[in-house]
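Peer 1: Not my notes, these are from Swiss-Prot:
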BINDING   CYS533, CYS535, HIS541, CYS618  Zn(2+) binding site
COMPBIAS  197-212  compositional bias 'Low complexity'
COMPBIAS  482-503  compositional bias 'Low complexity'
REGION    218-546  region 'Transcription repression 2'
SITE      HIS843  site 'Contributes to catalysis'
Amino acid sequence: MDLRVGQRPPVEPPPEPTLLALQRPQRLHHHLFLAGLQQQRSVEPMRLSMDTPMPELQVGPQEQELRQLLHKDKSKRSAVASSVVKQKLAEVILKKQQAALERTVHPNSPGIPYRTLEPLETEGATRSMLSSFLPPVPSLPSDPPEHFPLRKTVSEPNLKLRYKPKKSLERRKNPLLRKESAPPSLRRRPAETLGDSSPSSSSTPASGCSSPNDSEHGPNPILGSEALLGQRLRLQETSVAPFALPTVSLLPAITLGLPAPARADSDRRTHPTLGPRGPILGSPHTPLFLPHGLEPEAGGTLPSRLQPILLLDPSGSHAPLLTVPGLGPLPFHFAQSLMTTERLSGSGLHWPLSRTRSEPLPPSATAPPPPGPMQPRLEQLKTHVQVIKRSAKPSEKPRLRQIPSAEDLETDGGGPGQVVDDGLEHRELGHGQPEARGPAPLQQHPQVLLWEQQRLAGRLPRGSTGDTVLLPLAQGGHRPLSRAQSSPAAPASLSAPEPASQARVLSSSETPARTLPFTTGLIYDSVMLKHQCSCGDNSRHPEHAGRIQSIWSRLQERGLRSQCECLRGRKASLEELQSVHSERHVLLYGTNPLSRLKLDNGKLAGLLAQRMFVMLPCGGVGVDTDTIWNELHSSNAARWAAGSVTDLAFKVASRELKNGFAVVRPPGHHADHSTAMGFCFFNSVAIACRQLQQQSKASKILIVDWDVHHGNGTQQTFYQDPSVLYISLHRHDDGNFFPGSGAVDEVGAGSGEGFNVNVAWAGGLDPPMGDPEYLAAFRIVVMPIAREFSPDLVLVSAGFDAAEGHPAPLGGYHVSAKCFGYMTQQLMNLAGGAVVLALEGGHDLTAICDASEACVAALLGNRVDPLSEEGWKQKPNLNAIRSLEAVIRVHSKYWGCMQRLASCPDSWVPRVPGADKEEVEAVTALASLSVGILAEDRPSEQLVEEEEPMNL
């Protein structure tokens, strides 16, 4: 497909005054030369008219020379140009120099076209001479009336359409191709593949076009002419991305003030400005955004919508990527699940089934049982498996890797996907590959081994077999297996034991038939790891996939995962998302190019045109300067986080599980009704709470948010709801800390007035808040109000960015991991212990791993390390006392416990001897922080726990 567009070259800026002064003598010589040449041309016709025999004498030798050149033998031909060609080239060069000089003298004059279609002034005589020797060329209807002065040698693609067979022109359209009425979208094409000469790139199905404009730039045509490509794309606004990419965000930045990486200045990429709707062209390490107008035509081996571009970049910091039409790169391991037989069956292709990725074919309905001689081998296999179990160390650190999920193949929401997580990987390593380690004769009977493996898997204890549930499919109406990694369909009813290929991993929402142990539930999935910036550099982004990966690994190292019920997540449906967010917000951030094919094209076209992204300094794309966006994976990860928290909350509310911890990302408590900000797209905790309300699973719900940033999205969602009590402990600094909301006087509205409690810490980091301040807030404000509210379920936005180890822009507080564990224990005294923690913020890997470990240990009821003596005995700082006093004063008219504290201020802060006059007056006015009065409101069985020394 020829994509050349007649476009004028960019006008060069006027030279500097110093250069003009140096060029004046040269211009004068040029003007004199041109004047003499024009005078000579004007005198030449007069000489020809006065002396007619002279042209004949002059033409004679030229005519004879031309005849000799035309009739020269092939063996005598050379590359030396004739005098006529030299003269013609000299005239063309002279004319170009004259045009360049005129543009320099008059910079504001309109530029000349890229190629002059009119004949040159001096070619009339030459054409008359050559017309008698050169045969006439038949003209085509599409040719201009005059031939080009200099025809390019590589011009075959210009004539490609003329000789295209009529049969290919009349071929019907492939049903798998994108509909013409579908909204326009983008295709990300990695720049490395354009210039790569490796075999992997040379065999790419989508090889691009071979027009002269592309081939004239060498081996890397697109990267060598970024400006020209940008001008071409600007002329095709109907097919460019339906969103603009501003460079400045109007939303507040959560990372404002963070120091840039050391190498930020050295490798920062520069992007030419191409207008408000222009594409973004990056460096050789930045993917290019190409519209569908530049995609190869259909009719190849694969439809243009399904032609991948495989990129193997060993020098990059990220994993190998697979780029498909869209904006985001795919990890290489997802390529196998994307190119499934089911998706390519409509194109008429028959790909052979790879035996390395598929499993053995299931037996027929009349398959006989294993023969008798195989019994000794089965016993030997059983012994070998037991030896492997005994040799495995529970404290050994597992190897974390991203396992491909079939969830990405689900383009509509709601149903749980066939996703494999790290827990399943552990199971497969222990029970899916014993034949590779056993004796050689056993490898000849894979079917028998699969039967034995499944029989052994049913006998192994729950904690040692992994974190997911493998159940054979029931006979009858079962859900069909995903075709991503399974072999061809098997008969519905089998008399023989079902092999492992007929076992599927059930998500947490599909396991109600199995009785879950009444313990702590953990939820995690590798789908959420794919939400990454296209730059591949995690050091530039505080919120990255390594956060949940590190937490999941820490829980495995400490043996906590084996004590919990590890569940599978699911993707939240669009209807569930719309219970909190607007339809526009859900369609913008809850769909990807694959899932949009099943939605209303007319509605999507208008919404996508309103979507705005920003260009990040790293070269990626984001909703704002903090929140990165990956067109293929961000929507799936955000929906998976929301669905996982919702599913875990339902299991705890129905008492299938005692409590739970959701290791999810991206976070959600900053996402409000129609805005994504602060790393958040969908408010997972708010969605779970709303779903519990709509399905009458809980009448009163308490949401505690101890993230150092205020949960503005959660507060906005339930600001007028009296059935949801929202309590937030956050750094406020009088509105000068992100996101700026969460003041003490924000207490709710309407019927929900008083059900919004903000413990807004003030005073900055002089000194920073720590364990004494958070313990005082929990004992003075959080727990008394929560007991008076008496919730049925407790949801916790468990952000750990208040933990020690975070820089000042991301928190700067010094809360210990033991304090987070203690606060979790306190919340378990509410709602019968029905507590669900969902990971929110926290970006220091060591801090969030320690805090998560302490919280999970508290949920399990294990012995938590006691707080330090300093944390118990040290009194809160003056800024914290003032903040707590403000909360008591504001909420004294809504809660009885706060009213009693406000009426007796002298009873909860003792006098501090030896303090200066100002501090003594403040402390005397604010009263004591003793917990003696609080003991009157607590049940008798809790007095023993509260009698710990609290000399604050």
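Positions of Cβ are set from backbone N, Cα and C atoms, glycine also.
Help me picture these features in the structure, burial and contacts included.
Peer 2: Taking a C-beta cut-off of under 8 angstroms and a sequence separation of 6 or more, CYS618 (Zn(2+) binding site) has the following same-chain neighbours: CYS533, CYS535, ASP537, ARG540, HIS541. Classification of CYS618 (Zn(2+) binding site) by DSSP places it in coil, neither helical nor stranded.
Within 10 Å of the Cβ of HIS843 (site 'Contributes to catalysis') there are 25 other Cβ atoms, across all protein chains.
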Peer 1: Quick one: mean pLDDT on the region 'Transcription repression 2' (218-546)?
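Peer 2: Across the region 'Transcription repression 2' (218-546), the average pLDDT comes out at 47.
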Peer 1: When you measure from the Cβ of CYS533 (Zn(2+) binding site), how many other Cβ atoms are you left with inside 10 Å?
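Peer 2: If we count other Cβ atoms within 10 Å of CYS533 (Zn(2+) binding site), we arrive at 23.
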Peer 1: Other than CYS533, CYS535, HIS541, CYS618, which residues of the chain come within 8 Å of the Zn(2+) site, judged by Cβ distance to the Cβ centroid of those residues?
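Peer 2: Near the Zn(2+) site, the remaining chain residues are GLN532, SER534, GLY536, ASP537, ASN538, ARG540, LEU616, GLY619, GLY620, ILE628.
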Peer 1: Counting across all protein chains shown, how many other Cβ atoms sit within 10 Å of the Cβ of CYS535 (Zn(2+) binding site)?
Peer 2: 25
